[in-house]
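Student: Dumping the structure here so I can ask a few things about it.
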Amino acid sequence: MSENKCPMHHSAGGTTNRDWWPKQLRLDILHQHSSLSNPMGDDFNYAEAFKSLDLAAVKQDLLALMTDSQDWWPADFGHYGPLFIRMAWHSAGTYRTGDGRGGAGSGNQRFAPLNSWPDNVSLDKARRLIWPIKQKYGNKISWADLIILTGNVALESMGFKTLGFAGGRVDIWEPEADIYWGAEDKWLDDKRYSGERDLEDPLAAVQMGLIYVNPEGPNGDPDPFAAAVDIRETFARMAMNDEETVALIAGGHTFGKTHGAGDAALVGPEPEAASIEQQGLGWKSSYKSGKGGDAISSGLEVTWTSTPTQWSNNFFENLFGYEWELTKSPAGAHQWIPKNGAGKGVIPDAHDASKRHVPAMLTTDLALIFDPDYEKISRRLFENPDEFAEIFAKAWYKLTHRDMGPCTRYLGPEVPAEEFLWQDPIPAVDHPLVDEQDVTDLKLKIIGSGLTISEVVSTAWASASTYRGSDMRGGANGARIRLAPQKDWPVNQPEQLAKVLKVLESIQSEFNKSGKKISLADLIVLAGCVGIDQAARNAGVEVTIPFTPGRMDATQAQTDVESFAVLEPVADGFRNYHPTQFSVSAEELLVDRAQLLTLTAPEMTVLIGGLRVLDTNADQSKTGVLTARPEFLTNDFFVNLLDMGTTWKPTSKAEDRFEGVDRVSGQPKWTASRVDLIFGSNSQLRALAEVYASSDAQLRFIDDFIAAWTKVMNLDRFDLR
């Protein structure tokens with residue numbers, strides 16, 4: 001058959017909608033990871049499957065693998081441990097605090113772009129090495145869990161005592177479309193910087209395709225002082241302080257080596273660009289054998305210690321024990337060796353017992369002694385190796401578990417008993433939960449409290465909508481909305497919030513005197529449900545709003561103010577809160593927040609319509625409140641938005657505020673934001689708005705709003721799943 005008669009032209013990649021309209025709103029990020037791409041089926045429960053796993057047997061198999069060197073990819077120093085530590089580190093190390101995305105929690109290293117990042121050269125081989133073990137234990141252990149467990153076993157096999165391991169990471173089955181890795185279109189480019197050295201939010205790596213920093217120094221400039229600046233910024237953006245940063249770098253570089261045996265130009269394309277016969281592997285090298293002593297990954301050729309497969313203090317011993325001078329690897333990369341020929345014969349060769357080498361360091365290693373603050377920490381850990389081991393163990397555990405959410409999600413026999421502040425602890429339920437009659441009595445108290453529908457709904461939404469599905473932080477459980485920093489966030493209307501909380505705390509105190517107890521976290525959510533119930537009744541519809549007690553109240557001591565500060569919304573389209581003009585549009589920020597709330601496009605749409613008519617704007621303005629009867633749960637927002645009797649015009653230079661006027665008389669009718677108008681402008685969102693604007697849609701609208709509301713209220717109720 002000739003090519004022009006082929007019935008499958010789409011396989012060649014035709015022009016897409018985004019090719020025609022690059023600024024088209026990305027709603028596809030709201031519909032990822034569905035049952036359509038997941039082979040496991042809706043009835044598969046990974047937590048239950050993991051509980052049936054013989055973890056000790058898996059670890060024993062991994063331990064045997066560590067020294068079972070394969071001809072197709074020989075182990076450095078006869079031990080795969082350092083390679084597997086790098087695999088686990090680079091899986092977890094993509095996490096960033098800004099939006100909670102990245103990290104080890106989904107097994108995303110198997111997919112583009114991470115599987116093909118320049119910083120992940122040869123990790124395709126690491127995953128193939130553990131495939132027989134994944135194959136053996138099947139669905140009882142996810143790739144995400146196995147990758148981190150392998151890193152732990154690697155450390156243990158080389159004499160290090162880890163803090164523990166928790167399972168519970170659920171695999172995804174397609175690349176993540178929601179994560180913004182940067183605007184660059186070339187590997188290792190750094191358009192993400194502006195000004196002096198201001199890194200774009202929420203990014204936490206210095207260049208496209210790197211996990212953290214350039215090991216040669218900023219943009220390849222071998223300046224340890226400048227490297228320290230980058231290290232401090234990037235590690236802080238993944239929740240590590242200076243002490244943890246030093247311990248992680250020194251601990252990780254106690255093991256193994258880097259690979260730069262020859263010219264990096266001889267390395268072939270990454271896995272996503274490699275030929276089909278390579279079967280998902282990439283970076284095929286034509287330099288000599290391309291493996292073992294001929295391997296090329298970063299282009300650096302560094303072995304830090306004389307004990308590369310054994311935990312020791314030798315990294316610090318060498319770092320402080322020599323004066324260093326700049327040199328280049330065989331691949332031409334900047335690295336450092338001892339001055340005046342010192343250190344000859346100290347370092348073993350990774351594949352030839354007859355060869356010896358000098359110690360070598362990266363520019364980023366030297367930053368640990370050039371930067372004054374890092375130097376103090378490095379010297380202390382050098383002089384106190386037991387403290388070094390303890391800090392590294394805790395930092396490694398944090399690194400590999402930071403994106404798993406609360407400890408209640410942790411699975412397995414190796415979960416540490418200690419709970420850490422970075423895990424956002426919440427006390428366990430210590431009292432009988434309220435029953436149906438108690439809930440009825442409390443509802444009557446709330447109704448009679450004088451609080452408005454808008455006030456209680458706004459407060460419940462503010463409490464629950466901090467949740468991020470990316471790292472499972474935030475949410476209504478813990479009632480942290482009453483604590484710093486959340487109580488002072490402008491988006492939460494601190495004055496109104498204080499008023500509502502005072503009333504609810506009074507109701508709670510009175511109820512708890514009866515011998516039964518309800519947490520403020522539960523009461524805040526219940527009050528929101530009462531508000532919706534009243535609003536539906538105002539609209540002539542009797543409804544039952546699901547409410548499940550079981551939340552508890554965290555204390556200020558259990559709340560890291562700095563850590564929680566990153567959860568503050570810079571914008572919240574659900575509350576029409578847009579205090580700052582960004583290069584990203586308000587509607588894009590809305591979709592991003594909806595994705596973090598794990599909402600679909602229909603759920604996002606119905607929530608916007610409901611929250612608007614319930615009058616919940618953060619500034620108490622009437623922007624987007626497209627109804628003459630606020631606090632009535634009606635579909636008025638959609639009806640009036642799609643009314644062809646209204647025309648819209650911008651009222652601000654930035655075109656982020658609009659006025660709707662009568663098409664005939666020109667009389668003002670409404671005001672709206674970009675977030676409001678996008679539901680009439682975007683074709684996909686308009687299609688959804690039309691469903692809810694139809695004359696027969698009122699009951700559907702209320703039912704769908706209640707379902708989406710309940711979902712948000714329970715996002716952090718992992719005990720209900």
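Glycine is no exception: its Cβ is also placed from the backbone N, Cα and C atoms.
When I checked Swiss-Prot for this same protein, it listed these features:
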{"type": "ACT_SITE", "residues": "H90", "note": "active site, proton acceptor"}
{"type": "BINDING", "residues": "H253", "note": "heme b binding site"}
{"type": "SITE", "residues": "R86", "note": "site 'Transition state stabilizer'"}
Student: State the three-class DSSP label for H253 (heme b binding site), counting H, G and I as helix, E and B as strand, and everything else as coil.
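Tutor: Note: H253 (heme b binding site) is coil by DSSP, not helix or strand.
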Student: How big is the Cα-to-Cα gap, in Å, between R86 (site 'Transition state stabilizer') and H253 (heme b binding site)?
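Tutor: The separation of the Cα atoms works out to 10 Å.
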Student: Give the distance between the Cα atoms of H253 (heme b binding site) and the residue listed as 'active site, proton acceptor', rounded to the nearest whole Å.
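Tutor: Cα to Cα, H253 (heme b binding site) and the residue listed as 'active site, proton acceptor' are separated by 14 Å.
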Student: Measure from the Cβ of the residue listed as 'heme b binding site' and count the other Cβ atoms within 10 Å, all protein chains considered.
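Tutor: Other Cβ atoms found within 10 Å: 24.
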Student: Looking at Cβ-Cβ distances, which residues of the chain lie under 8 angstroms from H90 (active site, proton acceptor) while being 6 or more apart from it?
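Tutor: Non-local contacts for H90 (active site, proton acceptor): Q109, D119, N120, L123, I211.
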Student: Relative to the Cβ position of R86 (site 'Transition state stabilizer'), how many further Cβ atoms are located within 10 Å?
Tutor: 24
